[in-house]
């Protein structure tokens, strides 16, 4: 098996890699690092969570360490373009970790942060600029930075930048770079516009693919729960309250949806918070820090905000809403099963999302099954008629008991019980799934039901299925 020692990295970088606890490179690292050290342009295709960041950061740091002169004012030796602020922070963290013995100068140029500190960081020239396309163009237009001396550019998560509409901005940035340069393009998928970009700006690249494009990694157990849309929030609470769900990311389609789901989970006593584009950079950083440290165990996120999250021990991903773009499903579930671990991806699918589910199944080349004890498809929407007065002529089925005359109230049928309030011994819509998560098969092993109001586990305080209530995060 290949070791980092075999890749041609300098001794200071090898020491840093070992300090991070790594001895063997991932497949993408084992192929990309030697190609970049040899000076090649590279197109790298690999799924999220396979180590793409270190694959380009380590060769960049080696090239920087070999230089004898600092960059000129407002110039940089290397540029890394990323789609989101979170991913920029992740790359910067990797540079600091692996560059601890070489100490490169770095400027992070992102939207949502004050431009003044960025301008000052760029003024003296830096070894490496990590940037989102829009803010970089802003600084280029004011003369705060010039790319005329940049000899290496990395386009990280290129398919996500395409999804976010950054292709025109990327082409403007690429046009400002010298003709003689090294270009690296890394992506989880390779749609036609990304291939066209590579053809326009890369010269005889080494094409490295370590997994079929858009295929979820095999260590993720994927399942779907067919539910009525109105019941999703309550079912989500039941799923996340299972002790086996140690750290989870819940995906919604919209920012407002993320806030609403997060607030509902907080009221249920779960340590949840939301992250999306309407949050300030400082709020997002605080939320991510709390998620990493365990103060927040459930992160509710939109697709864009989650693209830079690099946390190895996410046990579960829940699609509260299925994505409109099938490829986003692959990116979402790739937040779990990182660093060689296994993970679970659960999708809540209502009737309106059946078409989206079929699109996802076509993309990944397999069906996503419902666990035992749950419906194979959503129940038809129930038509609510106007309640008739007593004696209003409703035809009562022959096997339905007539209420006692003194009561004037019909007995409540079991089928009409609310989710989570089923009579003792009855199955709830998530019993089969919670048994699967817990690794048990006996219906009796499912957790106790929550109290709806007051008492321990309700909104009046106490615990929720053994978990302490956590106040809403300050930036929710």
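For all residues, glycine too, the Cβ spot is worked out from N, Cα and C.
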*Which stretch does TrEMBL mark as motif 'Q motif', out of 2-30, 31-59?*
2-30
*Per DSSP, what is the residue tally for the domain 'Helicase C-terminal' (235-382) in helix, strand and coil?*
58 helix, 23 strand, 67 coil
*Per-residue pLDDT averaged over the motif 'Q motif' (2-30) comes to what?*
96
